[in-house]
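Visitor: Straight from Swiss-Prot, here's the annotation block:
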type: ACT_SITE; residues: 798; note: active site, proton acceptor
type: BINDING; residues: 637, 638, 639, 640, 641, 642, 643, 644, 645, 663; note: ATP binding site
type: DOMAIN; residues: 34-212; note: domain 'Eph LBD'
type: DOMAIN; residues: 331-441; note: domain 'Fibronectin type-III 1'
type: DOMAIN; residues: 442-537; note: domain 'Fibronectin type-III 2'
type: DOMAIN; residues: 631-944; note: domain 'Protein kinase'
type: DOMAIN; residues: 961-1025; note: domain 'SAM'
type: MOD_RES; residues: 606; note: phosphotyrosine
type: MOD_RES; residues: 612; note: phosphotyrosine
type: MOD_RES; residues: 831; note: phosphotyrosine
type: MOD_RES; residues: 978; note: phosphotyrosine
type: SIGNAL; residues: 1-22; note: signal peptide
type: TOPO_DOM; residues: 23-550; note: topological domain 'Extracellular'
type: TOPO_DOM; residues: 572-1036; note: topological domain 'Cytoplasmic'
type: TRANSMEM; residues: 551-571; note: transmembrane segment
């Protein structure tokens, strides 16, 4: 019976047994969320409750075995009717309570077990209360009390229970509220029951003080309304700080609910059993969080508590961007084993890495050059006369090439090794020196270069022969380039004499010239650079005016003889006309010919067929008409935009048959399709480049030979070709003319045949069969073709592997000009489409958003083609929808490197995918970059998946948040729900995560595409952070 038993009751008039004194006074368990206002079991003295009338309720007090009082009130006036006996408590202070709970323990006699009381005995009693701000003393007015409830017993006892010494104790709890005054009274009304009130406990509930997630929450009283919660903001424990605002909600039953936010231990402190403790000496914690303190990394120490960073030992340093978890390092020792190799034009220095790298991987080298005379103690800086390839500072590889050195000179090269902490050390940088004496047999440098004259497109130069030629001079090499395009591209020519006339230059443009001499012993070094500027149109006109003035003056001098004067003017005028005509002819030739290449300055070399009112005029202007009898069609090889594509043979006059592909226009075509078909032929006819598909010609003539139907593409005939040919008609004298084609209707476009078809299908068919250098060769061919188009001011708009054709020699050629448009001379110009489908996966963001195309958008597409080639024809962005692709690119996501892709190629892809189109590389730069890779295949050996070392130049690494754990990284990108997936799959370090591909992300259970995209994008950023990008921007 609730764990507390009343053994006996004292019977009045024979109804109760005496109460046993074995009543346990501390039987009630009080929860820590209850505040007790009254508990009769703990009162040591008399309760002093008031009874009305006096002979109603009786107070009985007994002592238990611990000599503690047991206070009981009982009443059993069941023999008399109309009972109204009241028992009132003393005044009870409500404290902070808004709602109180009354717990009553009592026994009640079954009326049926008492004889002769059926009309007067009751089995319930009533509970009342009254609020007041102070005690009323003995005054009692029942009508001032409010009824709480009628209390009935769950179990009642009988005479038999008394005989068997069985006590049935009832426990009832009632709640009262809201309580607004300072206190209250309770009253119990008996209306004729036989009852013993064993104990009364009055309490209210609270949410007790607690500590959750390192945040303290005070005692909180819940609201009266059980459906509402009280929001409580916590305060962090000592040495902790908020990560997110800590909150708890207090429920009506005194329970804390819905924990939100948390506190974390500050730097230098760790969590131990719900509080933050300072890190011990020799340990540190660099970041606020609930991780443990870590032992100081090698070569660092601390003697204090609560340390956030360990101090480096003497002679060791920590770079600015080194994480606190990284060991302290020191500068490297000097490089070793310096050797050199010299020829007529270049000096190659090589060395071994230092024996002590200082514990770092960001090792770089610098080469300092000094020129020394016979006395090596007197040296001077080499100045800017020498060129170092790739540079003389910040070298990553342990070699450098020196150019433009002078013969007969002693050069001393000091090679220094440095790392990320070298600048923090005050000790002199160790170096290894080597002295090289240049070839005494090679010729010395030439003398000063002079400009003899300059015209609008030409410059005449002369110079002094070298002081020491050491043999007969064979010739001079002159290298020159536009000053504004320095180091991008250059031209060269040769001269037998110490003078030259350079033609084909741009007007009013500064050029830089370098000259060296060649003898039987080899080349000299290049001279210092000399700058000269071509003339403009105004200067040429002034020269002509000067010539006229001289002629006129000479004419006036012969005024004495009229006949002689007349003859003089006639002869002079004729010579003048002849000279001018010759000069203009020569100038025209120079304008069109420069070092063997035709140039047309200021003239747009591509003509848009849309400028022709009749598209057939453009076709005849740019495409060669082919006699249909020379074409033999063999089979269908595919379907194009306008019809089917067949393979066949073309017989050329005086030559053997060549394989060709024939594009046809399907029957029942619309006028717009006919115009577009003509337009593509007109476009292709203007191109002549080994990496652009070659147009052999078109068939558009009205008359058609009587050739067998089986010679044509069968489905081409079924599509309506025969219906477009007029039937043969009779002629006088018998016979008939051959069938005719309606006027102006295009029939066929004939192009060169590419045996291996489209590049994407070809790569998928030969997955993994090619070397990296072969793939780079394919990419170089595509870039060369696109450079040709870009130089003509032409935008392709649909560059993709499916539109690249491959011949039997693996030569790749750009094709499919259906979407192409002309680009104006303005370098910032872009073409705006008027509609039509855009290939989203290959198209630059600005072209998708604003339908603006430029050579820069073609560069973006070229980056996608690179990815297709290196992945052997995989679909870009895999199964992502077009909308997901657009959103991903806007969020900064870029395709990861395909498996086995060299880092240099993926870096080029990323440059092509720059969001700002002006930052993307030009096709000229791309071709030059790929040429360098082909000439230096070792640059292709480093794969993206191999680049897992720390950056070699911390100052050049982009900013990136530093995370201690993989979980922190996932939380930062709001992907914390996948922590267990990463741990279960073994991806517990950033080294492993940086290697993950999209397939790995799917494999560990990331199903949602949006989540895959966010994680892969962050991994790309992480991987770039771990890579060393030697210089910002794109360089060739």
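Heads up, the Cβ atoms here are built off N, Cα and C, so glycines get one too.
Help me understand the surroundings of these features in the structure.
Guide: Every protein chain considered, the tally of other Cβ atoms within 10 Å of the Cβ of residue 637 (ATP binding site) stands at 15.
Note on the domain 'Fibronectin type-III 2' (442-537): DSSP counts are 4 helix, 46 strand, 46 coil.
Neighbour list (residue 612 (phosphotyrosine), Cβ cut-off 8 Å, at least 6 residues apart, same chain): 618, 621, 682.
Residue 978 (phosphotyrosine) falls within a helix when secondary structure is assigned with DSSP.
Taken together, the residues in the topological domain 'Extracellular' (23-550) have a mean pLDDT of 85 on the 0 to 100 scale.
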Visitor: Based on DSSP, name the secondary structure state of residue 612 (phosphotyrosine): helix, strand or coil.
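Guide: SS state of residue 612 (phosphotyrosine) = coil.
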Visitor: Per DSSP, what is the helix/strand/coil residue tally across the domain 'SAM' (961-1025)?
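Guide: Taking the domain 'SAM' (961-1025) as a whole: 43 helix, 0 strand, 22 coil.
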Visitor: When the number of other CB atoms within 10 A of each residue's CB is tallied over all shown chains, which of the modified residues 606, 978 has the maximum?
Guide: 978
Visitor: Quick check on the binding-site residues 643, 645: which one has the highest count of other Cβ atoms within 10 Å of its Cβ?
Guide: 643
Visitor: Mind giving me a neighbour count for residue 798 (active site, proton acceptor)? Other Cβ atoms within 10 Å of its Cβ, every protein chain shown.
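Guide: That number is 21.
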Visitor: When DSSP is mapped onto helix/strand/coil, what comes out for residue 643 (ATP binding site)?
Guide: coil
Visitor: Cα of residue 645 (ATP binding site) to Cα of residue 606 (phosphotyrosine): how many Å, rounded?
Guide: 26
Visitor: Tell me which of the recorded positions 606, 798, 978 ends up closest to residue 643 (ATP binding site) in space, Cα to Cα.
Guide: 798
Visitor: List the helix, strand and coil residue totals of the domain 'Fibronectin type-III 1' (331-441) as derived from DSSP.
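Guide: Helix, strand and coil residues of the domain 'Fibronectin type-III 1' (331-441) number 3 helix, 51 strand, 57 coil.
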